[in-house]
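> Here it is, the structure, as structure tokens.
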Amino acid sequence: MNTSTSTAAFEALTAPTESRAWRWAASAAIVGNIALNYVSQRFPFNGQTNAVVSGKYPTPLTPAGYAFSIWGVIFLSLLVYAVWQLLPAQRRHPLPDAVARPLVLVNLLTGLWLVVFAYELLPLSVVVMLGILAGLAVVYGRVRHFAARGEAPAWVNIPFGLYLGWISVALVVNATVALGTRWQVSEAKGAELAIIMVGIVAGLALNVTKRFRELAYPAAVTWGLVGIWAARRADADTLVLAWMALAAAALVAVAALGLVWWGRREAK
């Protein structure tokens, strides 16, 4: 056995027990979340999938169906992270320990959301998604802290940036659905509210990108906004909303590329 292998094995054995436990819990939570999402499609809770429930409460902000394929990328990148953080070479790396607890919470809440939404407890589903967003914000902020200083590989931004970006869009859609069950508004007012929501999502994306200077988060937001455009562009009643969403997507994408480029230029 060579020296490097012996050192890695020794560090793996001597790493604090609590640290190892939380890392395993984070990996288990990720796998469990992915498995639950799969099971909920094959054997739906309350006999209905998320798509069925969403179809009962249509909103101008619901993206086109293809946009939800981003979950595949998010889950795959989370699986890569789950394996990476358990490798012996990473046992002394501080990043996994810093994010393990909120990451467990995020995955548990995501699983809970599947059940709550399936049972059409819509106001509660918004509360749960707010918890997901808050937990992801903590994880993302800590990941960027290490990655920006070169203390973590750049790719670790991908799973958490995409996750946070997509949840930012999904929360607005979820909240719109919940509000629609409580207050009846005219189609015109609904379109106006949707335009305001698009502006809020774009504004949030620009501010987060300006602060953290990475591309995964704005990429997910851009994807969601383009999905809204694709869903509404053929409807004359929501054509303004559709093009506002596309314009917001273009703004976020161009601004993100510019901010990241400028940040790297300043760092040289």
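Please read every residue number as a count from 1 along the shown chain.
Placed from the backbone N, Cα and C atoms, the Cβ positions cover glycine too.
TrEMBL lists 66-87, 99-119, 125-143, 155-179, 191-208, 215-234, 240-262 with the feature transmembrane segment.
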> Excluding the flanking five residues on each side, which residues at least 6 beyond the ends of the transmembrane segment (155-179) place their CB within less than 8 Å of a CB in that stretch?
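Sequence-distant neighbours of the transmembrane segment (155-179): 54, 57, 59-63, 70-71, 73-74, 77-78, 80-81, 84, 95, 99, 106, 117, 122-123, 125-126, 129-130, 132-133, 136-137, 139-140, 143-144, 146-147, 193-194, 197, 200-201, 204-205, 214-221, 223-225.
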> For the transmembrane segment (240-262), I need the partner stretch with the highest count of C-beta pairs below 8 angstroms, choosing only from 99-119, 125-143, 191-208, 215-234.
215-234
> Considering only Cβ pairs within less than 8 angstroms, which of the stretches 99-119, 191-208, 215-234 has the most against the transmembrane segment (125-143)?
99-119
> With contact taken as 3 or more Cβ pairs under 8 angstroms (pairs 6 or more apart in sequence), are the transmembrane segment (191-208) and the transmembrane segment (215-234) in contact?
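Yes, the stretches contact each other.
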> Could you pull out which residues elsewhere in the chain have a CB under 8 Å from any CB of the transmembrane segment (99-119), counting only those six or more residues past its ends?
19, 22-23, 25-26, 29-30, 32-33, 36-37, 40, 44-46, 48-50, 53, 125, 128-129, 131-132, 135-136, 138-139, 142-143, 160, 163, 174
